[in-house]
Amino acid sequence: MSTASLRKRTGSLTILGASALTSLLLAMPAFAGEVYLDGLATAQTHQKFIVTYKDGSTALASPSALTTSLRTAARAVPAKAGKALGLNSVRRLALGPELVRADRALDRAEAETLMRQLAADPNVQSVEVDQILHATLTPNDTRLSEQWAFGTTNAGLNIRPAWDKATGSGTVVAVIDTGITSHADLNANILAGYDFISDATTARDGNGRDSNAADEGDWYAANECGAGIPAASSSWHGTHVAGTVAAVTNNTTGVAGTAYGAKVVPVRVLGKCGGSLSDIADAIVWASGGTVSGIPANANPAEVINMSLGGGGSCSTTMQNAINGAVSRGTTVVVAAGNDASNVSGSLPANCANVIAVAATTSAGAKASYSNFGTGIDVSAPGSSILSTLNSGTTTPGSASYASYNGTSMASPHVAGVVALVQSVAPTALTPAAVETLLKNTARALPGACSGGCGAGIVNADAAVTAAINGGSGGGGGGGNTLTNGTPVTGLGAATGAELNYTITVPAGSGTLTVTTSGGSGDADLYVRAGSAPTDSAYTCRPYRSGNAETCTITAPSGTYYVRLKAYSTFSGVTLRASY
């Protein structure tokens with residue numbers, strides 16, 4: 001083995017000269033208390049803080065000294081609407097720290113300013129957020145154990161920790177499909193929809209378009225839908241897809257839904273022998289809050305549209321215009337890649353622009369044999385042996401049931417559900433483009449084989465939700481995403497050779513910039529550079545260690561720094577933090 005092929009095994013790299021060390025020591029007061037900023041990432045605003053004063057400090061013995069300490073710190077936060085911030089003691093905790101409360105909610109920047117000012121008091125030992133903790137959720141649905149996509153293997157969605165942070169509450173997912181049947185494990189999450197099938201024969205309800213999105217059944221006899229096409233029973237496809245998105249969860253019954261706090265608007269476009277492009281285009285417009293002549297407005301415009309449907313050919317002008325309109329109204333459009341085991345470039349509407357095209361994976365984390373593939377795939381998701389809500393009828397609706405289906409039709413609603421989770425916790429609604437970037441940047445590499453192209457990887461629900469809560473896009477993104485001082489970006493991952501890029505601007509007088517990576521699996525290499533993006537050969541700091549525990553420390557760092565994580569080997573679950 002040549003020396004060039006050996007990886008360096010070094011400690012963290014510190015860019016520090018002797019004179020710089022002297023000035024650093026002078027700039028960092030020995031009495032400064034510890035500031036725990038991790039809690040800032042748990043919510044968008046904060047109002048209560050825990051301040052630990054040193055033994056023997058006057059603030060512990062004198063209420064007036066405590067009041068003075070709090071008022072001094074509060075003055076560091078700019079006034080709002082002409083009113084200075086108030087900060088008062090609530091009570092002393094059993095272990096001695098003081099619980100204090102601001103008289104208004106503080107955003108993260110304000111909270112950090114306050115915490116640092118509190119810690120500057122020589123009497124203070126530490127400051128932390130009085131953050132809100134939650135019970136961890138394992139739903140009690142009786143068939144959850146059969147839903148491998150919601151399990152704990154690295155082939156699944158990594159959704160259980162995401163459910164502790166988000167349920168999709170307040171979001172709407174439009175399922176453009178065969179309509180829906182009544183199901184006790186689904187009904188509570190269904191809003192009023194619409195039947196857009198204009199042909200009475202296809203619709204089977206005898207009256208064309210109407211406000212009843214019920215699935216009448218899509219069965220057909222041999223040769224009825226074309227010469228040589230065998231007979232088929234009703235699929236209840238829309239009911240299955242809707243259950244994957246938002247089945248009622250934690251109800252001691254049946255299955256769980258990806259975004260079980262979300263609501264579903266069923267939009268019927270597929271009936272006997274399929275559905276027309278013209279009907280589907282109108283349905284996209286309506287579902288996203290657009291106007292369709294002669295049709296009442298949608299009272300619940302969707303943040304997300306799921307289309308588990310498709311056909312051959314290039315993306316038509318009609319379909320593309322409908323999708324573009326939906327995206328312009330802020331609706332993310334998620335589409336099944338198709339089940340032809342061929343390049344997605346030949347599958348409409350997955351080959352349209354402005355959609356998230358989803359390939360299907362197996363429980364082993366490999367591309368499903370039937371799934372379409374190619375450079376047009378954006379992400380992958382579980383699609384094989386997916387258990388969801390169904391109906392027992394072979395033609396017309398019978399009783400509610402459950403069944404497992406295979407297909408990219410099953411993968412797509414998993415992604416639509418994750419989008420609902422993301423939008424439900426984002427500080428402000430993300431644009432469809434930002435949603436796509438976030439999903440790609442937080443995706444996990446397939447643990448199994450994929451030939452032909454499976455996009456950025458398997459959607460990682462927890463990483464996506466965490467990135468949304470933190471107001472970021474999870475990494476990557478060409479020009480880089482902005483890091484917040486002291487706030488970790490978690491759940492990062494990339495395939496071998498890929499990279500994630502960030503920036504952070506450090507104000508003058510900050511003393512030291514420390515950038516760290518930690519946790520997870522695989523091997524991510526950290527690069528930091530002042531003023532421009534680092535490369536393999538140009539950087540200010542590159543620890544170049546095996547694994548993910550790397551640190552760059554830079555003194556007198558005012559200015560913009562570019563941070564790069566490059567996958568020496570596929571990594572996932574990595575945390576990145578920059579602080580000054």
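Going from the start of the chain as shown, residues are counted 1 onward.
Each residue, glycine too, has its Cβ placed from N, Cα and C.
Residues annotated as signal peptide in Swiss-Prot, with sequence analysis given as evidence: 1-32.
Under the heading domain 'Peptidase S8', Swiss-Prot lists 147-465.
Around the Cβ of D177 (active site, charge relay system), the same chain contributes H237, G238, V241, A242, P266, V267, R268, V269, L270, N306, M307, S308, L309, each under 8 angstroms and 6 or more positions distant in sequence. According to Swiss-Prot, the active site, charge relay system annotation covers D177 (among others).
On its own chain, C273 (disulfide bond) has T202, D218, Y220, E224, C225, G226 as residues at least 6 apart in sequence with a Cβ closer than 8 Å to its own Cβ. Sequence annotations record features per position, and here Swiss-Prot assigns disulfide bond to C225-C273 (among others).
According to DSSP, H237 (active site, charge relay system) is assigned to a helical segment. According to Swiss-Prot, the active site, charge relay system annotation covers H237 (among others), on the basis of sequence analysis.
The feature disulfide bond is assigned by Swiss-Prot to C315-C352 (among others), with similarity to another entry given as support. According to DSSP, C315 (disulfide bond) sits in a coil region rather than a helix or strand.
Counting every protein chain shown, the Cβ of S409 (active site, charge relay system) has 28 other Cβ atoms within 10 Å. Marked as active site, charge relay system by Swiss-Prot on the basis of sequence analysis: S409 (among others).
The Cβ neighbour count for C450 (disulfide bond), using a 10 Å radius and every protein chain shown, is 21. Under the three-state DSSP scheme, C450 (disulfide bond) falls in the coil class. Marked as disulfide bond by Swiss-Prot on the basis of sequence analysis: C450-C454 (among others).
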Same-chain residues at least 6 apart in sequence whose Cβ lies under 8 Å from C352 (disulfide bond): C315, M319, Q320, I323, V335
DSSP three-state assignment (helix, strand or coil) for S409 (active site, charge relay system): helix
Neighbour tally for C225 (disulfide bond), based on other Cβ positions within 10 Å of its Cβ: 16
Lowest local Cβ density among C315, C454, which the record lists as disulfide-bonded residues, within 10 Å: C315
Rounded inter-Cα distance in Å - C454 (disulfide bond), S409 (active site, charge relay system): 15
Rounded Cα separation (Å) that holds between S409 (active site, charge relay system) and C450 (disulfide bond): 19
Neighbour count (Cβ, 10 Å) for H237 (active site, charge relay system): 23
